[in-house]
Structures are given as C-alpha cells and as structure tokens.
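Read through the structure below, which is laid out as structure tokens, and then see the notes.
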C-alpha cells in the first residue's frame, strides 16, 4: 500500500524545518540588546540634542561624544531616555566636527533583587554611530525666525492703526459737512 503524498512531504520537510528552528533559536540566544537607530542631531541656537529610537527594554543607553583630543567622553550614562543634551560639549568649539555614538548596555538581575548594569567583561557593548556634526553649519537659528515674526507683527499692527486713523478722519469730515436734507 502506497503512503499518501501529503504525509511523505511532511516527513521530508520536518528535518529541514527543525534545523531552521534550531538555527533561529541559537542565533537569537546571542542577539545583543536593541541597538539604537535613527540617530538625529537637533540643534537650535546651538542648544544641541542627540535623539534616537527605540525606547529601551531590559537595557539602558549611554552616549559618547568625541572631543577635540579625539577621546570619547561619556554623557547621559545609563539613561532610559531616547535623547541626550550635548550642548555643554558642543559650545566649547562650534567649528569642530563632533562624532557621537549611542551604546546599548543590557541589564541583568542581581542576587539582591535589584537590576544592575550587565558586566561586559572588557567588551564594548553594541553601539550605533551618529553622523558627524558640525555645530556652526548644522544648526537652526531661531533668532532669524523670531525677528521676521516680530517685523511681520509690527507691520500688521501699523496697518491696523493707519486704517483706524483714516476711518476716524473720514468720520470727522462727514460730521463737519452740512447735510443736504436740511
């Protein structure tokens, strides 16, 4: 008696599927914590913030920024925020091109029931580099926008004032002219 086609196909594919499943589980066991992505510099009037995604779960972020001596300085260490204010470093030299990166540091449960930073045993945690940033070039000046706004408001108020003055003069001229009906 012949074995139906469907069970034979399943029997042939079962080892392949099982091998694929084991490969995925093995690869997933060594997966680093969620690396930051979509790193974006936001700089307005030289107030400079580095933003990124995603919101962390079971890990924290640490931001590093390179200074003029090419050393990495730690900022916003162990934060669960997805932004870091780097203004204090950036304003030291706005003509310098800065580099920054966001490290993803995993958490682990300690024996005391509290979460502590995972020891990397000399290994650097996974990180994502931000694009290079030159504050003098890559900024938005709100001052220019504010001046344009104030000038626009001034022109509008001046126009309204002149229109009211013309109406008042026109009304006074009508009162001073004799009426034809009388």
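Every residue gets a Cβ built from N, Cα and C, even glycine.
All annotation found in TrEMBL is predicted automatically rather than curated by experts.
Features reported for this protein in TrEMBL:
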| type | residues | note |
| --- | --- | --- |
| SIGNAL | 1-28 | signal peptide |
| DOMAIN | 16-106 | domain 'Fibronectin type-III' |
| TRANSMEM | 141-163 | transmembrane segment |
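Confidence in the domain 'Fibronectin type-III' (16-106), given as mean pLDDT, stands at 83. Counted with DSSP, the domain 'Fibronectin type-III' (16-106) comes out as 18 helix, 42 strand, 31 coil.
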